[in-house]
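As written in Swiss-Prot, here are the features:
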type	residues	note
REGION	1-177	region 'Self-association'
MOD_RES	SER163	phosphoserine
REGION	172-305	region 'Interaction with SHANK1'
DOMAIN	216-285	domain 'Ubiquitin-like'
MOD_RES	SER307	phosphoserine
ZN_FING	342-371	zinc finger
Amino acid sequence: MSPPAGGAAVAADPASPVVLLAVHAAVRPLGAGQDAEAQPRKLQLIADPERPGRFRLGLLGTEPGAVSLEWPLEAICYTVRGPNQHELQPPPGGPGTFSVHFLDPEEAQQWAALVRDATAEGQNGSGSPAPAPAPAMCPISPPCSSMAQIPKATQPEVDLPQSSGNFKKEELATRLSQAIAGGDEKAAAQVAAVLAQHHVALNVQLMEAWFPPGPIRLQVTVEDATSVLSSSSSAHVSLKIHPHCSIAALQDQVFSEFGFPPAVQRWVIGRCLCMPERSLASYGVSQDGDPAFLYLLSAPREVSGQSLQNSKMDRKLGLFPQSLGLPHDLQPSSSSLPSPSQPGWSCPSCTFINASNRPGCEMCSTQRPCAWDPLAAAST
């Protein structure tokens, strides 16, 4: 069965364009008379892949053998007759006006708002003002004859209707996730293109199921980065963590359990200085007993007359050898600290204090600064 004039038949293509919204309704041709039975149809609004900045409205059959039609949005007239009742008029030469009945008034309102805003976006892109609505109707879309066609090269990018708000952005983000998980490269590229056109900020993360199971025990060696006696001024703790947790979450956990702010924490795992946004698993943490190193920096004093609370925090942060005012779980492994024989050099990357004769950092392998003079450091 060939489609009626004015509408293009829709092929069952699994890599279909981006669908902004799809709703179900009972559709009946008005020219068929009152006795004609309404048929279940699916209406969908999609971004036109061949004309950036434009949309298409599809009327899809839900039963075997039903003809599915699709028109450019600017070529149709869409009228709201009531909370549940709408009318769809295709361009001249088409199948005639359809009566569209929604079961859910909220769904009908959401659909009408999306069509209205998408139509407005198309008008802004074409540069043609929208004609005034007829007194007896509430047209959402202007008559097709009033729409001026413009060259494809001057058409704007696809724009998301404003009234749909974050709901549509979240729906597109969900579609992107589903397309990637299903291996649908074309659909993922289309959705990603729409999101990129609107500079939508996304937080792309792996699901927890892709990480090693947890919780596990992370063996942490705590060092005072301000002390030259790193080998003698260490403490050891065991933290219960999940491999999917980020370094930032680990810093917050240490702050919650021991009182050390994230700003003074430097984590080194697998000879790498850890970045807050990366996961523990990305540094190879996957099982009980995996090692990690935590270096604590001295917090700078804001003013000379700081509060008593800040003074207490300074004493807690000045771990070794200035004071031993540590939480009970972070007591140094050696209670008597020997006097320093000579100062070492501080790694510019992870702040680890290395022995003066080491050419590179013991923790992260960063090369020793060329300007560091062991003789001058020893004299001070």
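Cβ atoms here come from the backbone N, Cα and C positions, even for glycine.
Within the domain 'Ubiquitin-like' (216-285), the DSSP-based counts of helix, strand and coil residues read 18 helix, 26 strand, 26 coil.
Across the zinc finger (342-371), the DSSP tally of helix, strand and coil residues reads 0 helix, 6 strand, 24 coil.
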